[in-house]
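Noted in Swiss-Prot for the protein shown:
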- Asp13: active site, nucleophile (ACT_SITE)
- Asp13, Asp15, Asp192: Mg(2+) binding site (BINDING)
Amino acid sequence: MNKFEDIRGVAFDLDGTLVDSAPGLAAAVDMALYALELPIAGEERVITWIGNGADVLMERALTWARQERATQRKTMGKPPVDDDIPAEEQVRILRKLFDRYYGEVAEEGTFLFPHVADTLGALQAKGLPLGLVTNKPTPFVAPLLEALDIAKYFSVVIGGDDVQNKKPHPDPLLLVAERMGIAPQQMLFVGDSRNDIQAAKAAGCPSVGLTYGYNYGEAIDLSQPDVIYQSINDLLPALGLPHSENQESKND
């Protein structure tokens, strides 16, 4: 049974929705922290920082690393470190290092979630234009989509550097709807985090929240999307298509 009426396009978030990018992001964050002689965070912690773009990711990483370093030194009976470099400058340096390292590990550290390719293919075959809206820095987006063999499904791709205001601001979603030539209420937006759902609500788009993403450790139902699914292929019956049961490995 269709849950959505008059949907003429579908747009997706990337990290935590279509792809598990945490391994690559965490590796790059830790390499950048290590280069500045700061404690490394690990994937489990970095996952809670993903979703607001690279600059915010660096701010969260630096804040945690400075606090962690202070705690470690206090435990060892050592005096605190006086940072000669202001935090804002350290964030800028950390971001530069992160970009370099992430460029090296992004493809090998990013995997499609199950059923993503089948679902995108089924929606495209139905004739629905598909869009991508991500806060990820734009230079990383196209190469990653190509490496994962899903670039072919999207008619509109908006990266984090393509708009002045990133999600949760509605501008990226409004831009995608405009380029699709449809009204915002005719574009379904699918994401895994409160930023995604807030952006969809602000833009006037119906929303789907997926339970398996990152979302800062919060349950997606707290953001009150219109519908919550555990798997991305649950979209298909909601849009009048048969449910795909094809299995995909992370490396497909």
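Any Cβ shown, glycine's included, is placed from N, Cα and C.
Just so it is clear, the model here is predicted, and its values are computed rather than measured.
Using the Cβ center of Asp13, Asp15, Asp192 for Mg(2+), the list of other same-chain residues with Cβ within 8 Å runs, in sequence order, Phe12, Leu14, Gly16, Thr17, Leu18, Gly51, Thr134, Gly191, Ser193, Asp196, Leu210, Gly213, Tyr214.
Distance between Cα atoms for Asp13 (active site, nucleophile) and Asp192 (Mg(2+) binding site): 8 Å, as a whole number.
Within 10 Å of the C-beta of Asp192 (Mg(2+) binding site) we count 29 further C-beta atoms, all protein chains included.
There are 24 other CB atoms within 10 A of the CB of Asp15 (Mg(2+) binding site), with all protein chains counted.
Packing around the residue listed as 'active site, nucleophile' is summarised by its Cβ count: 27 other Cβ atoms lie within 10 angstroms of its Cβ, all protein chains included.
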